[in-house]
Ligand SMILES: O=C(CO)[C@H](O)[C@H](O)COP(=O)(O)O
Ligand SMILES: [Fe+2]
């Protein structure tokens, strides 16, 4: 699997250092959780921070928007150098338009589903998205326990992907560790987001390498 460390659990006073550690350890993406304190009951960081981090890393910046007005963030994120923008299905009545706006901004479009939202809502979107992010915890906070019922959703999505001959990435986010990543991969997930498992450890580099090892890359 591709590994996407989430800086939500990194040392905010030493972000540049922590990002370099996971980049040197072979991570493919950097997962950026933007929260507005409205769509989710927590605040994190926004575009200015992402813009400041961009020149110091070659990682693919993958932004997970947990905000109530995602349309306001798409152009600023693209201008800040983010390559993948993820919008929650639950955050907008106009998810198809969000995908179009993301593509018009020159980025890859990812649709994100909360644990309680079924895969069936993606039917019309699957041919046009570059990635689907399945939340494996409720969004808003790092360090939560993986919800096992989400495994079946990953399998359902992977079945649709195969049946339709599509190539979008299947990302999983929340409670990912050396065990849950393997369970998700077995159902068809291709990208593992991991925050606390990577950064709340003695060696974030060793954790990235361990996730690659157990998921066969
Ligand atoms: O989107 C998120 C929270 O809403 C984070 O990406 C996710 O929770 C990562 O943290 P952890 O790996 O510690 O669960
Ligand atoms: Fe996230």
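Note: Cβ is positioned from N, Cα and C throughout, glycine not excepted.
Feature annotations, courtesy of TrEMBL:
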ACT_SITE  33  active site, proton acceptor
ACT_SITE  173  active site, proton donor
BINDING   6, 64, 140, 141, 142, 143, 173, 174, 175, 195, 196  substrate binding site
BINDING   31, 33, 64, 173  divalent metal cation binding site
Cα separation, the residue listed as 'active site, proton acceptor' to residue 175 (substrate binding site) (Å, whole number): 15
Among 31, 33, 64, 173, which are recorded as recorded positions, the nearest neighbour of residue 140 (substrate binding site) by Cα: 33
Candidates 6, 64, 142, 173, 196 (recorded positions) - the one closest to residue 33 (active site, proton acceptor) by CA: 64
Packing count at residue 33 (active site, proton acceptor) (other Cβ atoms within 10 Å of its Cβ): 24
Cα separation, residue 142 (substrate binding site) to residue 31 (divalent metal cation binding site) (Å, whole number): 12
For the divalent metal cation site built from 31, 33, 64, 173, further residues of that chain with CB within 8 A of the site's CB center: 4, 6, 8, 32, 62, 63, 86, 133, 193, 195
